[in-house]
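What Swiss-Prot records for this protein:
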- 1-322: region 'Ribokinase' (REGION)
- ASN198, ARG199, ARG200, GLU201: ATP binding site (BINDING)
- ASP267: active site (ACT_SITE)
- 350-479: region 'Cytidylyltransferase' (REGION)
Amino acid sequence: MLAETQLAPIAVIGDVMVDRYITGSVSRISPEAPVPVLVHGAERIVPGGAANVAANAAALGAPVLLVGLVGEDEAASQLADALATYPGISLAHMVVDAKRPTITKTRVMSGRQQIVRIDAEVTRACDAAEEAALIGAAEAAIAKAGVVVLSDYAKGVLSDAVIAAAMAAAKARNVPVIVDPKRRTFEAYRGATLVTPNRRELAEATGLPDETDADAARAAEAAGRQFGGDVLVTRAEKGMTLWRQDGRVLHVPAEAREVFDVSGAGDTALAALAVSLAGGQSLEASVGIANAAAALAVAKLGTAVVTRAELRAALERTAAQIAPPGALVSREDACAVVAAWKAQGLRVVFTNGCFDLVHPGHVSLLEQSAAQGDRLVVALNTDASVRRLKGPSRPLQDEQARARVMGAMRCVDLVVLFDEETPLETIKALLPDVLVKGADYAPHEVVGADVVTANGGELVLVDLVAGKSTSSLVAKART
């Protein structure tokens, strides 16, 4: 996703804004009223709202088709100039209406302290002509897009009709839709792949708390039932919680970082999520990438973008901290590590097995697997999984012992356990570039092969060492 590859365009549709920052110094109180006197220092203009999502997506290397509503005014020109600094953003689908001013939020700052915010906006619903123009623009952008983002700030652009048209256009092309919501309930977003409320938005939509991970999962489930899709809750210092329609839940802790400003951090996370999905990452891995991007954003002052180089470096640091070579990690941590490897352009290979008594046949399989790419992930059946497959007398070595042996193999970079009878859910979460199994399987028999190939990966069947198996070793030892 962060490697130098061509990404599918991202259509960002929503409420675009101008964020103006006036900075200066304060050393006294006005004699006219009990307010500080700011000595003007500088001003800067940056994209805000949906435009900030577009800027962040472009900074991460994605082509962007921006759909929004601006006026015929100086603020619109300033926004266009600010967006022009990010190569890859197309404004061809923007709608201009002289009757409506461009939304502008002016923040007056002294150092890192915000003194006041001044909003210049009209939040009335769009009239029929504006709505028709927005629908046409959205449909045209979605026709070219690989991912659709609806950035809803409740400023009038994303009406029921515009949302419905966007959902229909995306469904017709089988394009995923991510929504950053601003409504009190999420029914209007029916058809979305994923909705990403923050804690306040989730509470308003469900009336449920999110203090604990279990609370957040229950509230996310209630929200997901409203529109029929997955829910990612951004929980500030508590990290992120992903609830999926099949009942799976993923909790990602927040990365420890000094927080300077939360302005626009949600936009940054949303953009990183969309870019990651456009790059072929799984949703689970994309959540980890979005979490890392948000951590970088809050360390910056004001509405800011996170660049591809910054995010790649952060992911590399995270991967090194989580998993030294051969480490046994959770599925969630494996997602983060694999995402970091892919961000570096590394080719990730996956194989799996019980690996109870390691023999030359296993070694050959692992060596041939490692030769297919740059990093090898080995998924091990847990003890319970092995017993279900091979009977109560197996495994001979427990899962921790087997994982340690695997991790000591110099060709193995990461070890992850799975408790199911097959590694399908792990494959779906990691989405490796190459899936390797022995040549005793037919391609249609390999679990997860369809998932990997549908994502642009490949299945490789490697030769086995004749006469070498754990079962034969066990039988020989018992005679």
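These residue numbers are counts, starting from 1, taken along the chain as shown.
Glycine is no exception: its Cβ is also placed from the backbone N, Cα and C atoms.
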Give me the DSSP three-state residue breakdown of the region 'Cytidylyltransferase' (350-479), ordered helix, strand, coil. 54 helix, 26 strand, 50 coil
State the three-class DSSP label for ASN198 (ATP binding site), counting H, G and I as helix, E and B as strand, and everything else as coil. strand
Distant-in-sequence Cβ neighbours of ARG199 (ATP binding site), under 8 Å, six or more positions away: ASP210, VAL233, THR234, ARG235, ALA236, LYS238
Which has the fewest other Cβ atoms within 10 Å: GLU201, ASP267, the recorded positions listed? GLU201
For ASP267 (active site) and ASN198 (ATP binding site), determine the Cα separation and express it in whole Å. 11
If you skip the near sequence neighbours and keep only those at least six away, which residues in the chain come within under 8 angstroms of ASN198 (ATP binding site), Cβ to Cβ? VAL233, THR234, ARG235, ALA236, GLY266
Around ARG200 (ATP binding site), how many other CB atoms lie within 10 A of its CB? 10
Which chain neighbours of the ATP site, leaving out ASN198, ARG199, ARG200, GLU201, have a Cβ atom within 8 Å of the mean position of the site's Cβ atoms? PRO197, LEU202, ALA203, GLU204, VAL233, THR234
